[in-house]
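**Student:** Take a look at this one; I'll ask things after.
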Amino acid sequence: MCPRAARAPATLLLALGAVLWPAAGAWELTILHTNDVHSRLEQTSEDSSKCVNASRCMGGVARLFTKVQQIRRAEPNVLLLDAGDQYQGTIWFTVYKGAEVAHFMNALRYDAMALGNHEFDNGVEGLIEPLLKEAKFPILSANIKAKGPLASQISGLYLPYKVLPVGDEVVGIVGYTSKETPFLSNPGTNLVFEDEITALQPEVDKLKTLNVNKIIALGHSGFEMDKLIAQKVRGVDVVVGGHSNTFLYTGNPPSKEVPAGKYPFIVTSDDGRKVPVVQAYAFGKYLGYLKIEFDERGNVISSHGNPILLNSSIPEDPSIKADINKWRIKLDNYSTQELGKTIVYLDGSSQSCRFRECNMGNLICDAMINNNLRHTDEMFWNHVSMCILNGGGIRSPIDERNNGTITWENLAAVLPFGGTFDLVQLKGSTLKKAFEHSVHRYGQSTGEFLQVGGIHVVYDLSRKPGDRVVKLDVLCTKCRVPSYDPLKMDEVYKVILPNFLANGGDGFQMIKDELLRHDSGDQDINVVSTYISKMKVIYPAVEGRIKFSTGSHCHGSFSLIFLSLWAVIFVLYQ
């Protein structure tokens, strides 16, 4: 008998045992997590728009509750966490303004939540009254500091960290929120958003002095910051994040989302530890499921799991569903009022509108310009021809397969913020800066990527940030036949844009600082609904308003091919 063969089964059993059975003295924790749910209380279509075919719909709090309860019954040590941005995104938030978030998160018995930037969309009062005072779970952020009269008003309503008993152990949860929130939302002047890493370290140190040796950083700053926290903050064992809608998955993904990496994503900290980092995409489509094994000293021994797709194979809990239906009565007028029809898919997904021209962006910009038609001078066909719109302001697609019907509820999911479309005057040089800002960190799914109307722009992403706009043409107004001319740096142009951008949102500080005139306009949803009602049937296309130069597209692929070729040559000649 071959000795090597005899040893193989024993070796295999030992390896399997290491995976399937915890090490002696080890303690297991199951972390269930959501992020960026954005008011998707009801089940949605696969693209997170309004549910059309119930047999193919996903998510929703009733289905989430079913899965959470199944796991709680099967496993002993379970935490349910949310990494922020429950607020904003559908007619639910428009009507209930956050009360629905507190009610249904309480019903699901969340253990903790981190504050996201959108929790401040209705100001601090819109956070305090409906959510902070009503939540039966701790709401966390270590890097938000209140000052002035607000400090006493909000004291104790949110915390930097919380120690939670889980089985016979304790787990520390420390929260964080994007320091860019003042540029993304409306927190006011009495909240200071500190650097996440600088603010987190002393709070983690406090937890260590309390003999808490299992610490989760729960927050809303995006995947890049999540990874930095895992690397830089000493004592953090796990990072549960949000904000960037990052989809991580190990193996073949169950739906159309493309993984940005394996789940969990492992970061090696500066002190040599392996720190798992997770997110669960967005819109309640998935429930993050992470198993962590700790040793007696609180060190992570192993971590594994995957997001669970909440598809129709998971039944909706009847009691939660009944509660949803009861709350929904108040929304019915919004869902039955037909504005018009679309005969094409209106792509308002973040995967499109934050990366390239999307036809939803074209529709909205066309509506904005149409709303400003003023033929007052024979020299001008119109007083304004240009629109810019941050892709992050487009929050949902609309499916044409529901008879193409567009309702107020559909539009409220696309434009949930209740802003206005304003008219400003800018120099060409300011517009050029704005378009450079649009792609200065392209590829990170950030909201500043601009959708346009009356503008043709070409980017070269192989060039350094700040020098990526290679062509920028604008539609003339002083002309009888509109055509595109190169942007002139010293000329003053009229542009229609969201008031969010006029006020410097999404980092467009150059617009706020350099605008020459600012006139407030009509509410965004009214502008688009009026346009759709006027047109009756719409079919916006992708028209080449935004292009990327050949070098931009080929740059990364060419480098990869070049390196691969050299690798082959190296191997052949060894």
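Positions of Cβ are set from backbone N, Cα and C atoms, glycine also.
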**Student:** Same Zn(2+) 2 site as ASP36, ASP85, HIS220, HIS243 according to Swiss-Prot: which of ASN106, ASN117, ASN186, ASN190?
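**Tutor:** Answer per Swiss-Prot: ASN117.
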**Student:** Given that Swiss-Prot assigns ARG354, ASN390, ARG395, PHE500, ASP506 to the IMP site, pick the one from PHE417, PHE435 that the record assigns to that site as well.
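**Tutor:** Among PHE417, PHE435, only PHE417 appears alongside ARG354, ASN390, ARG395, PHE500, ASP506 as IMP-binding in Swiss-Prot.
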**Student:** Among the recorded positions ASP36, ASP121, HIS220, HIS243, ASN311, ASN403, which ones place their C-alpha within 10 angstroms of the C-alpha of PHE417 (AMP binding site)?
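**Tutor:** Close recorded positions: ASP121.
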**Student:** May I ask for the distance between ASN403 (N-linked glycosylation site) and ASN53 (N-linked glycosylation site), taken between their Cα atoms and rounded to an integer number of Å?
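**Tutor:** On Cα coordinates alone, these residues lie 12 Å apart.
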**Student:** Using a 10 Å cut-off, grab the number of neighbouring Cβ atoms around the Cβ of ASP36 (Zn(2+) 2 binding site), all chains included.
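**Tutor:** Result for ASP36 (Zn(2+) 2 binding site): 27 other Cβ atoms within 10 Å.
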**Student:** Can you tell me how far the Cα of ASN333 (N-linked glycosylation site) sits from the Cα of ASP85 (Zn(2+) 2 binding site), in Å?
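**Tutor:** Per the Cα atoms, ASN333 (N-linked glycosylation site) and ASP85 (Zn(2+) 2 binding site) stand 26 Å apart.
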**Student:** Using only C-alpha positions, which one of ASN53, HIS118, ASP121, ASN311, ARG354 is spatially nearest HIS243 (Zn(2+) 2 binding site)? These are the recorded positions in the record.
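**Tutor:** Comparing Cα positions, the candidate nearest HIS243 (Zn(2+) 2 binding site) turns out to be HIS118.
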**Student:** Taking the recorded AMP site as ARG354, ASN390, ARG395, PHE417, PHE500, ASP506, identify the other residues of that chain whose CB atom sits within 8 Å of the mean position of the site's CB atoms, giving them in sequence order.
**Tutor:** LEU389, GLY391, GLY392, GLY393, ILE394, GLY447, PRO498, GLY505
